[in-house]
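Trainee: Mind looking over this structure? Questions follow.
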Amino acid sequence: MDSWTVTSALLLAGFISSAAFNHFDTECYTANGEDYRGFQNQTSLHGGKPCLFWNETFQHPYNTLKYPNGEGGLGSHNYCRNPDGDVQPWCYIADHEDGIYWRYCDIPSCQMPGNLGCFKDSGDPPTLSGTSETSNKLTIQNCISFCRKQRYKLAGMESGYACFCGNEVDLHDHGESPSMECNHVCFGDHTQPCGGDGWVIIFDTRVGACGGNYTDPSGVIYSPDFPDKYGAGRVCYWTIQVPGSSAILFNFTFFDISDQTDMVELLDGYTNQVVARFDWRSPPRELVNITGDFVILYFYSDRTNQAQGFALLYQALRSQDTRTTDAERDDEDEGEEVSSTAGPQLAGGVTERANSTS
Ligand SMILES: *[C@@H]1O[C@H](CO)[C@@H](O)[C@H](O)[C@H]1NC(C)=O
Ligand SMILES: *[C@@H]1O[C@H](CO)[C@@H](O)[C@H](O)[C@H]1NC(C)=O
Ligand SMILES: *[C@@H]1O[C@H](CO)[C@@H](O)[C@H](O)[C@H]1NC(C)=O
Ligand SMILES: *[C@@H]1O[C@H](CO)[C@@H](O)[C@H](O)[C@H]1NC(C)=O
Ligand SMILES: *[C@@H]1O[C@H](CO)[C@@H](O)[C@H](O)[C@H]1NC(C)=O
């Protein structure tokens, strides 16, 4: 399936807010792909340059001698990685005549949920036609917050310093491009991509919101201010209520909480009892399975120290029909997720795990 076609249709139909977070066929949950651990070993799938092996790039700063313990995902392989907090995964390539010895990798599967992609912007009319601003301190989240406060669904960054808000993108006029066109650094954070000249990178404004209400069978939730570090003194609640589900699974795809009092909790939505609590001392280590159809996610940060925060995937499991016996029940239905039109990969994975434990 071409997930891009689906996105286009949804963008045009203005359904973006429910669609964007359902793209789980991704290998990245950070804006710059520093969590990418996939297997692309050339700079582009079409006519790209082969990557050099990290265990053979001793003439360059990043190699397995200097980082022998898998830091940044380096190892005896030649997969694209982002070990230095660049805007996108990259790799060393054999030297060119013009002295270029590394290249960004264009990895289609590495686009965090909530990042809708990179779009052409002729400026006439702009791709996102709502309010705009420019800032020499632009970060992805301060553009998102600017647009979210004005109740826009989408926020777009361009040329590193410009921010545009809107509710939909007309893809007939503004085709999507490889992410390489959008890897200009944000003026306010050089580890984040903020579009390019004539190219706008677009995010759903729910990314990094402090709170929200989720009712879809699956979704992604980021810590407040994501992909910036979370702010001091944040107290946020999200509700995840999926009527008809027997349990909701939470998968923290990463977790970086900095000091003793900052924390994340999962509460039973009906009783407000804390079911799971995580902090820097006790990070989540596996899937968290919470019985019921209503969970509250709580985040608290004190007045000191900031950190990247978290990204989590949730997936609701459908209630089992208690009237049928095991023999009558279709095996494939067992522990199945509440049906969803998107996110087949995550859904498949959870179903498999659910089956194997029963
Ligand atoms: C990349 O990986 C594939 C699959 O493992 C392999 O067939 C191919 O030769 C590799 N390409 C390079 C440039 O290393
Ligand atoms: C680097 O790792 C690859 C794959 O394991 C291996 O084939 C190659 O010989 C290694 N190179 C060196 C210099 O050790
Ligand atoms: C979530 O729902 C609650 C209760 O209905 C409401 O007060 C709150 O404003 C909602 N939050 C968001 C971000 O929509
Ligand atoms: C959590 O999600 C990630 C990203 O989709 C996946 O690779 C991983 O296997 C999941 N973890 C568990 C325990 O299911
Ligand atoms: C989660 O818990 C529910 C019921 O409490 C159970 O049916 C399901 O198999 C569990 N799933 C996983 C993946 O542990």
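Heads up, the Cβ atoms here are built off N, Cα and C, so glycines get one too.
As annotated by TrEMBL, signal peptide applies to 1-20. Under the heading domain 'Kringle', TrEMBL lists 27-110. TrEMBL lists 112-206 with the feature domain 'WSC'. Taken from TrEMBL, the feature domain 'CUB' applies to 210-317. Here TrEMBL flags 320-358 as region 'Disordered'. As annotated by TrEMBL, compositional bias 'Acidic residues' applies to 328-337.
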Trainee: In the domain 'Kringle' (27-110), how many residues does DSSP call helix, how many strand, and how many coil?
Mentor: 3 helix, 9 strand, 72 coil
Trainee: Which residue counts does DSSP yield for the domain 'WSC' (112-206) in the helix, strand and coil classes, in that order?
Mentor: 14 helix, 37 strand, 44 coil
Trainee: Just give the helix, strand and coil counts over the domain 'CUB' (210-317), going by DSSP.
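Mentor: So the counts come to 0 helix, 58 strand, 50 coil.
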